[in-house]
Amino acid sequence: MFGNILNYILGLGAAIFLPIIMIIIGLIIKMKFKRAIISGLTLGVAFTGMNVVLGFMFDTISPVASAFVEKTGIQLNIIDVGWSPMSAIAWAWPYALFMFPLQIGINLLMLIFKQTNILNVDLWNVWGKIFTATMVTAITGNIALGFVAAAIQVIVELKIGEATQKRTQEITGIPGVTCTHYMTLQCAIMEPVNKLLDYIPLFKKENANADKLKDKIGIFGDNSVMGFIIGGLIAILAGYSVKDTLNVAIKVGTALVLFPMVAKLFMQALAPIADAASEFMKNKFKDREIYIGLDWPFMAGQSELWVVAILLVPIELLLAVVFSKMGISNVLPLAGIVNIVVVVPAMIVSKKNLLKMLILSILYTPIYLVISSSFAPFATQLAKATKAIEIPAGQMITYFGVEAPFFRWAIANGLAGKIPGIIALVLFFGLFYIFIKNMKKQVQ
């Protein structure tokens, strides 16, 4: 009975599920009823608007990516289906519903024992922990280890969310919140390269962001113009006609203009809740400041994010072709071709430095290709077992934007007792420890 109710609520989607959670939280923290309802509904509008623009962007770019690969004549038999089908597969796992009490329980215990100052309300993305558990279970053959891995992921998400809260606030201008999406786990492994780039004068400029770009190159730094030019170049590389190239160019330009507009709705929705939560928590936890953990779209108003994500598209496709010829990966990036999950952590660690974001995203893209390819047999097997989606004979599926690829591969293979996995797991937690320590120093 409970499972059916929960599945029904989750089936409503994040744009309805999260506003319901936020309205309930608003009322608990003594917001006025009218204010709580308006804030919750505005959050739903913001998520819906962002999904509409994201869908518009993906629908524009994905056919261009397919056309580009067709031109090369390379046959890539592992198809990137994106997060939506993969989440459906994860939710179809028989043990999926146990992940809710696991995440909520760990979060509450860490709050009570002062091990975190984050209240993670992003329960929609519990599926990310389920996906990790399914991959670990498939590789180790042990369901218990799958839940151990998921529990570790919950803790790491909270720790990184807390460590990056001030940085996230600087980037977005939204107080009292942080990003607890598992894509931020990549921050830990990006930070060493980010620090190395500081030794190169070209990358050391802290203000190398979209606003400064506008000042230097004038009209070419405008979102609409940048989007038009980048979209047009990608279409030309795919061999599109003049008419189709212009069509792609104007659509990409449109998306880049709309993203910041929609992102403002997140600020309108979250600012009142953050203020009320801050006051409430000050009364309950007099010596602490509690922050709300959210999904990544509240950060989507940053122009740098989309400029880098679109510039990355042809590079991802070229790498996919090269890696296929080398026998390293056979993934066709498609549904996740606009790979936000590599750009967001790059944006956080680089403080929105456009050049650094681009270099970091390029350098770490191979990890997504290689690991999504290695997970393909398990993802395909799980999809067939759960019957969540139909897969043609001889075809394999995966999720190119595997969000926390290094962590997921390391913990799955490490818990399986494989030496490379154990080494990778030790490396990840070493970098994680250093990252948390350094971020704490920066905010003191």
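Placed from the backbone N, Cα and C atoms, the Cβ positions cover glycine too.
Taken from TrEMBL, the feature transmembrane segment applies to 6-29 (among others).
According to TrEMBL, the domain 'PTS EIIC type-2' annotation covers 6-444.
The transmembrane segment annotation in TrEMBL covers 36-58 (among others).
Among the features that TrEMBL reports, transmembrane segment is placed at 92-113 (among others). When Cβ-Cβ distances below 8 Å are used as the criterion, the transmembrane segment (92-113) is approached by residues 2-3, 6, 119-120, 123, 126-127, 129-130, 133-134, 143, 146-147, 150-151, 154-155, 158, 290, 382, 386-388 of the same chain, each at least six residues removed from its ends.
Among the features that TrEMBL reports, transmembrane segment is placed at 133-156 (among others). Within the chain, the transmembrane segment (133-156) has long-range Cβ neighbours (under 8 A, six or more residues past its boundaries) at 89-90, 93, 95, 98-99, 102-103, 106-107, 110, 182, 185, 375, 378-379, 381-382, 404, 407-408, 411-413, 415-416, 432.
A Cβ distance under 8 Å defines the sequence-distant neighbours of the transmembrane segment (224-242), meaning residues of its chain 6+ beyond its ends; these are 60-61, 64-65, 67-68, 71, 248-257, 303, 306-307, 310-311, 313-314. Positions annotated as transmembrane segment by TrEMBL: 224-242 (among others).
Here TrEMBL flags 254-274 (among others) as transmembrane segment.
Residues annotated as transmembrane segment in TrEMBL: 305-324 (among others).
Residues or ranges marked as transmembrane segment in TrEMBL: 331-348 (among others).
TrEMBL lists 354-379 (among others) with the feature transmembrane segment.
Sequence annotations record features per position, and here TrEMBL assigns transmembrane segment to 417-436 (among others).
Long-range contacts of the transmembrane segment (36-58) within the same chain, counting only residues at least 6 positions beyond its ends with a Cβ under 8 Å from a Cβ of the stretch, are 14-16, 18-20, 22-23, 26-27, 82, 251-252, 254-255, 258-259, 262-263, 265-266, 268-270, 272-273, 297-298, 300, 335, 337-338. Residues 54, 57-58, 61-62, 65-66, 69, 76, 78-85, 164, 167-168, 171, 179, 181, 183-187, 190, 296, 299, 302, 304-305, 308-310, 312-313, 316-317, 320, 356-357, 360-361, 364-365, 368-369, 372-373, 376, 398-403 of the same chain, all 6+ positions outside the transmembrane segment (331-348), place their C-beta atoms under 8 angstroms from a C-beta of that stretch.
Counting residues 6+ beyond its ends, the transmembrane segment (305-324) has Cβ neighbours under 8 Å at 61, 64-65, 68-69, 72, 74, 76, 210, 223, 226-227, 230-231, 233-234, 237, 252, 255-256, 259, 299, 330-333, 337-340, 342-344, 346-347, 354, 357-358, 361-362, 365-366, 369-370 in the same chain.
Below 8 angstroms of C-beta separation, residues 22, 25-26, 29, 31, 35-36, 39-40, 42-43, 45-46, 49-50, 53, 56-57, 60, 172-177, 223-224, 226-227, 292, 294, 297-303, 305-307, 310 of the same chain, each at least six residues beyond the ends of the transmembrane segment (254-274), sit close to that stretch.
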